[in-house]
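To start, the structure under review is shown below, and the notes come after it.
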Amino acid sequence: VGFKAGVKEYKLNYYTPDYDTKDTDILAAFRVSPQPGVPPEEAGAAVAAESSTGTWTTVWTDGLTSLDRYKGRCYEIEPVAGEENQFIAYVAYPLDLFEEGSVTNMLTSIVGNVFGFKALRALRLEDLRIPPAYTKTFQGPPHGIQVERDKLNKYGRPLLGCTIKPKLGLSAKNYGRAVYECLRGGLDFTKDDENVNSQPFMRWRDRFLFCAEALFKAQAETGEIKGHYLNATAGTCEEMIKRAVFARELGVPIVMHDYLTGGFTANTSLAHYCRDNGLLLHIHRAMHAVIDRQKNHGMHFRVLAKALRMSGGDHIHAGTVVGKLEGEREITLGFVDLLRDDFVEKDRSRGIYFTQDWVSLPGVLPVASGGIHVWHMPALTEIFGDDSVLQFGGGTLGHPWGNAPGAVANRVALEACVKARNEGRDLAREGNEIIREASKWSPELAAACEVWKEIKFEFQAMDTL
């Protein structure tokens, strides 16, 4: 058969409903909204083609390779319940399409040009199944949950953090003072805000020095290991590594990176540096909502979370379920499990489209942060469990008596919740009662309870199934 020029329907080559997926395939679940008149099979096949080997017309050079070996295949299509003209298209990609150890390359293929494709009104990547054969080519998180606990010598409870506010405008010395007060009051960590890099009012080196001094002083006075997430995010990879090197020279335990604005290549480089040099790595997800908030277009956060676990990070922000930022409970717990656990079963009620086996890739601690305060502590302890970081920015620094009492209030509330849970009490039902009891012997907690007793952020969640 000679070369036949011309345009062929995608589904003739790329829609293969009888295909049996291989253990080594990367599987993707796309939410497809075809243009009027485009059948779902053609839309699904087009996604498979455009994100793998296909282009809009037959090309002569197709004959020089084995398309059957390399093409993506749309192997199943199902309508989305309750939505008109929306389908979930399942696509299988052969492993050989991807460079080993490169999240950048994986995403460039799977969520690259295809998202601008005219035959689709909208396209959203809901989930990815990463096969062990591919997972094994990644280092993953620099240390993981168990190693972090051993480094910090903290067990049996969530960790407590606080983002230093106002996020922009403080001088380095005043910033360091706030860090010291929070850590001295009983928090485990304080945090640079995601947009604190190296601005005219506070250059990075000055901030690093004052924060290091603050945390060593707090450490000496409390006998607990303390950390401050020093944001190493910078305009170039070289500058980022330079900042991480300086943090290591100061002897601090943890640095931080904005992985989406910084990019996966930079993030993976930093994760490798952190493992080689014993630094923990805190990841902030600034820009995620640009990608994941639209229900029918973009990428779900669970995909960004999986990508981060492969690229590397020891903590990542993951919504609160109860605060001011997005997060529906079951869906949030779904990707929290994908971050922490070795093996997660497929469970569509939690938005998990595929069984995910991480083999021996270390886990990532989910960070709950954004509009939370002492009254949320029982719910957060119950929802996230011990392996999490609970971060109270305004909920610490907004305390009427100042930063250190704000930290005391949060620590007392947390210890009370953990104690109550260990005694078998039901945090969901008795939460308010537990906090009230604890506030009787902690004036700091009592003052915090009074300030925030009426504050709620009640809006309809966008991230529904």
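Each residue, glycine too, has its Cβ placed from N, Cα and C.
Arg285 is the residue from Arg203, Arg205, Arg285 that Swiss-Prot records in the substrate site together with Asn113, Thr163, Lys167, His317, Ser369. In this structure, Asn113 (substrate binding site) is part of a helix by DSSP.
Taking the Cα atom of each, Lys165 (active site, proton acceptor) and Asp193 (Mg(2+) binding site) are about 8 angstrom apart. Across the residues annotated as binding substrate (Asn113, Thr163, Lys167, Arg285, His317, Ser369), the widest Cα-Cα separation comes to 37 Å. Closest to His284 (active site, proton acceptor) in space, going by CA atoms and restricting to the binding-site residues Asn113, Lys167, Asp193, His317, Ser369, is His317. Using Lys191 (N6-carboxylysine) as the reference Cα, a 10 A cut-off selects none from the binding-site residues Asn113, Arg285, His317, Ser369. Counted over every protein chain shown, other Cβ atoms within 10 Å are most numerous around Glu194 among the binding-site residues Asp193, Glu194. By a simple count of nearby Cβ atoms, those within 10 Å, the most crowded of the recorded positions Lys167, His284, His317 is His284.
Fewest Cβ neighbours within 10 Å among the recorded positions Lys4, Lys165, Lys191, Arg285: that distinction goes to Lys4.
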